[in-house]
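Feature annotations, courtesy of Swiss-Prot:
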BINDING   35-51  FAD binding site
DISULFID  C52-C57  disulfide bond
ACT_SITE  H461  active site, proton acceptor
Amino acid sequence: MSRAYDLVVIGAGSGGLEAGWNAASLHKKRVAVIDLQKHHGPPHYAALGGTCVNVGCVPKKLMVTGANYMDTIRESAGFGWELDRESVRPNWKALIAAKNKAVSGINDSYEGMFADTEGLTFHQGFGALQDNHTVLVRESADPNSAVLETLDTEYILLATGSWPQHLGIEGDDLCITSNEAFYLDEAPKRALCVGGGYISIEFAGIFNAYKARGGQVDLAYRGDMILRGFDSELRKQLTEQLRANGINVRTHENPAKVTKNADGTRHVVFESGAEADYDVVMLAIGRVPRSQTLQLDKAGVEVAKNGAIKVDAYSKTNVDNIYAIGDVTDRVMLTPVAINEGAAFVDTVFANKPRATDHTKVACAVFSIPPMGVCGYVEEDAAKKYDQVAVYESSFTPLMHNISGSTYKKFMVRIVTNHADGEVLGVHMLGDSSPEIIQSVAICLKMGAKISDFYNTIGVHPTSAEELCSMRTPAYFYQKGKRVEKIDSNL
């Protein structure tokens, strides 16, 4: 039988839009895309472009860029700029207004895409399954809410993303998440960022730059070191630099209770027994797949305990015509990954060219101050897979910071290789421009570059990136999973 649509996509994020546009434009398919609203902001925050465009990568990068001017202004004196720093004031409202305008422009461009693409239509509401070929567009997340539309389709693509987690403690409702942080009326003078991941660290940097004078930013993390899963030496160095910038990093610390003071501020009691007052408590303790309102049981779609939709290498669920991509599958929660998965889905289903996204050697960045850029294995994981692993490392003060007054800003580079053949397994960097540098490095890793390819390449001088071309001697090794100073050829 002929169905009304070839494809219904639930979720207008980066992955969903990539799949929808490719299917309609490249393969002339009839595609419906469902999401909660067209433009960013409350009440739903999700809108055209998904988390990345509306309450994620894009606005965050703009705000971090603004925050970096704090150091630029301070450091300019070392380069001969005479500024009256007492007269320099951050304007949070101006930042948010500019950010909102930029994001609205992207929302508008996506609206234009729907208007200009034959066969591609947008449907506003909550998407939910009725069966494996029928999608309901509901008025709200309530499964009993009014049905606005019923869409009959051959294929279904689930691309609903992820959502910030809450702590589940008393006073949880008095805290905000990154969603609300993008729309605060004013920068908090006293802020607590809860969590040791990249979102918490990035917002700590933003709040630290825009806070009123005399303010304080605390970052509380229950573990012993921030950024679990990243290179351990970079984590240590970043912590030192965050503290040098004035951020109070509190490890082995977690809120136990939050109450509201008479003046509207928040009183936090920590698990350690310590207490403090804040204007804003922002939770950034992780994100969970957003699948709860999809009524997946109606079509028999399998999910993991955390709500992640189970898929195979080609993003297909256990139901033959239903696929899922992006954060909702809890594979690699990065926008470019979701985009690649969306394109691969269309290649597989509509182009008859089955393609699985390669989730290895994916570069990523932490837009902390200073930023981090990484790609590939950390040394501990490499040592579990390879018999002999070599670790190269370098830490230095970039040229500019010899006169900027920020000599504490070290640039750190660490390279992990398979010592048996020299293949570069991972590159990890901390310092200015790391996110830009790591993109080129990722191409090298994808091509199977060896450490000799790095040091036989002539560097660009004077840059921090040229250090990648100067690292010839390993600092230490791993052999049979154990760290050693040199390789024992008898083992």
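Keep in mind that glycine also has a Cβ here, set from the backbone N, Cα and C atoms.
Features per Swiss-Prot, on structure.
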residue: D35; record: FAD binding site; DSSP class: strand
residue: G41; record: FAD binding site; DSSP class: coil
residue: A47; record: FAD binding site; DSSP class: coil
residue: C52; record: disulfide bond; DSSP class: helix
residue: C57; record: disulfide bond; DSSP class: helix
residue: H461; record: active site, proton acceptor; DSSP class: coil
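Neighbour density at the Cβ, taken as the number of other Cβ atoms within 10 Å, is lowest among the recorded positions K38, H44, H461 for H461. In terms of C-alpha distance, the listed recorded positions C52, C57, H461 place C52 closest to H44 (FAD binding site). For the pair K38 (FAD binding site) and C52 (disulfide bond), the Cα-Cα distance reads 14 Å. Cβ neighbour count for C52 (disulfide bond) (all protein chains, 10 Å cutoff from its Cβ): 24.
Neighbour density for C57 (disulfide bond): within 10 A of its CB lie 19 other CB atoms from the protein chains shown.
The Cβ of A47 has fewer other Cβ atoms within 10 Å than any other of the binding-site residues A47, G50. With respect to Cβ neighbours within 10 Å, the binding-site residues D35, G41 differ, and G41 shows the lowest count.
Listed recorded positions near C52 (disulfide bond): none (candidates D35, G41, H461; Cα-Cα distance within 10 Å).
Closest in space to C57 (disulfide bond), of the recorded positions given as D35, A47, G50, H461, is G50, taking the CA atom of each residue.
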